[in-house]
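Database features (Swiss-Prot):
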type	residues	note
MOD_RES	S69	phosphoserine
SIGNAL	1-28	signal peptide
TOPO_DOM	29-98	topological domain 'Extracellular'
TOPO_DOM	120-134	topological domain 'Cytoplasmic'
TOPO_DOM	156-166	topological domain 'Extracellular'
TOPO_DOM	188-224	topological domain 'Cytoplasmic'
TOPO_DOM	246-263	topological domain 'Extracellular'
TOPO_DOM	285-304	topological domain 'Cytoplasmic'
TOPO_DOM	326-370	topological domain 'Extracellular'
TOPO_DOM	392-449	topological domain 'Cytoplasmic'
TOPO_DOM	471-479	topological domain 'Extracellular'
TRANSMEM	99-119	transmembrane segment
TRANSMEM	135-155	transmembrane segment
TRANSMEM	167-187	transmembrane segment
TRANSMEM	225-245	transmembrane segment
TRANSMEM	264-284	transmembrane segment
TRANSMEM	305-325	transmembrane segment
TRANSMEM	371-391	transmembrane segment
TRANSMEM	450-470	transmembrane segment
Amino acid sequence: MAVLGVQLVVTLLTATLMHRLAPHCSFARWLLCNGSLFRYKHPSEEELRALAGKPRPRGRKERWANGLSEEKPLSVPRDAPFQLETCPLTTVDALVLRFFLEYQWFVDFAVYSGGVYLFTEAYYYMLGPAKETNIAVFWCLLTVTFSIKMFLTVTRLYFSAEEGGERSVCLTFAFLFLLLAMLVQVVREETLELGLEPGLASMTQNLEPLLKKQGWDWALPVAKLAIRVGLAVVGSVLGAFLTFPGLRLAQTHRDALTMSEDRPMLQFLLHTSFLSPLFILWLWTKPIARDFLHQPPFGETRFSLLSDSAFDSGRLWLLVVLCLLRLAVTRPHLQAYLCLAKARVEQLRREAGRIEAREIQQRVVRVYCYVTVVSLQYLTPLILTLNCTLLLKTLGGYSWGLGPAPLLSPDPSSASAAPIGSGEDEVQQTAARIAGALGGLLTPLFLRGVLAYLIWWTAACQLLASLFGLYFHQHLAGS
């Protein structure tokens, strides 16, 4: 195994910086707590008592004199004219929030992972080491793993709630996305060029000789079926994870547009960010993407706007730009969520009757206490898509367009199936066979198909969930 050298030094340096600088310099903390976001403070009990005309009894004798052996909960009219004060969201306020430390660590790790990837790409572009392991792949894989962990952490909240409404919604969407994932896999490559068919063909071509040596010819179709079923199950679980982030995104998108009525440029960015999953779906729809740019239907003269390699590079760049665009409009979305406290109070004032003062305070505080969860719901799909894009470029053998794309080896298993010396023991021979089997399975074409499927499917789930969220908040939430 080749020595990592410079890449290992950069990895150790990055890990040290991430550990040492976290208390002093944090992108996640700056994104949420730099003072540009403001939150609403709940009205104090004294203010609510003054509005209700019920001053607090000064002592036990006064309560007994008024016939109150035990003080009843304070209730005020729902339309009481109290005001909600605002204050900047600071780090001191955020440290007590649930999941803030998880949010900070996850986002900062994703930032450092991106920095390692940029250095590695520059290192390979300038020096081109052929025998070194690309350590940025491990950073991206770790980030994808932590993204799934964040999805599990947030989704567990809905399954642990006493009310089963959120749990039912997750299970319903999981079943729906399971059906859609199975339908997507039967779409022809001429329509949806995810690359699953060439990837499976490459895998089976390399696995077939290995299975024949063991007499396991029957396992080849079973392996293909298992991979397709596994991709469908992964799509179902991912769809369940993205259900409530999509619903939340629709709500914050509507509110952010309302808050930015006098800023047309910001509204344009919000619309573009919201429709970014639709652009991602378009990138892999061959008739209206690759074929249209390769042979545009303009006049009788046939010409090509982009070559296949240029289209692949442009697709990678567009994916990165769309992820950065969604990151750029994070604060308008978070501010729109924090303003839900005021909207809930205004909705309360349109109702008749009385309400306990404690419930008013809880309605306001609950919005602020949930802001880190909303931040994770917004940023985790973005980070997952971005790192899958980086993995697609590296493991799929693509290029950024700044240099020639690396050539894909047609038979990677042939290199791993090198003759083993007679002096080597049985353990080394078994390890070599396992390495050959893995090399035949994880071919660049197969990884292209799997990663493209994950990127496309993540965008599809986000789009469907957010569109349903728009319909829900527009027509059903107020009814």
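One is the number of the first residue shown, and numbering goes on along the chain from there.
Cβ from N, Cα, C; glycine included.
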Tally of DSSP helical, extended and coil residues in the topological domain 'Extracellular' (326-370): 35 helix, 3 strand, 7 coil
Distal contacts, the transmembrane segment (225-245) - CB-CB under 8 A, six or more residues away: 148, 151-152, 154-155, 158, 166, 169-171, 173-178, 180-182, 184-185, 196, 200, 203, 377-378, 380-381, 450, 453-454, 457-458, 461-462, 465
The transmembrane segment (167-187) and the transmembrane segment (99-119) contact flag, 3+ Cβ pairs under 8 angstroms: no
Per-state residue totals over the topological domain 'Extracellular' (156-166) - DSSP helix, strand, coil: 6 helix, 0 strand, 5 coil
Range from 135-155, 371-391, 450-470 with the greatest count of C-beta pairs under 8 A to the transmembrane segment (264-284): 450-470
Whether the transmembrane segment (305-325) meets the transmembrane segment (371-391): three or more C-beta pairs under 8 angstroms: yes
Residue numbers, six or more beyond the limits of the transmembrane segment (371-391), whose CB comes under 8 Å of its CB atoms: 31-32, 39, 89, 94, 97-100, 102-103, 106-107, 110, 113-114, 117, 136-137, 140-141, 143-144, 147-148, 150-151, 153-154, 157, 242, 244-245, 248-249, 252, 280, 316, 319-320, 323, 326-327, 330, 333-334, 337-338, 447, 451, 454-455, 458-459, 462
Long-range Cβ neighbours of the transmembrane segment (99-119) (under 8 Å; 6 or more residues past either end): 10-11, 14, 17-18, 22, 26-29, 31-32, 135-136, 139-140, 142-143, 146-147, 150, 153-154, 372-373, 375-376, 379-380, 383, 386-387, 390
For the topological domain 'Extracellular' (246-263), residues assigned helix / strand / coil by DSSP: 14 helix, 0 strand, 4 coil
Stretch-averaged pLDDT - the topological domain 'Extracellular' (29-98): 75
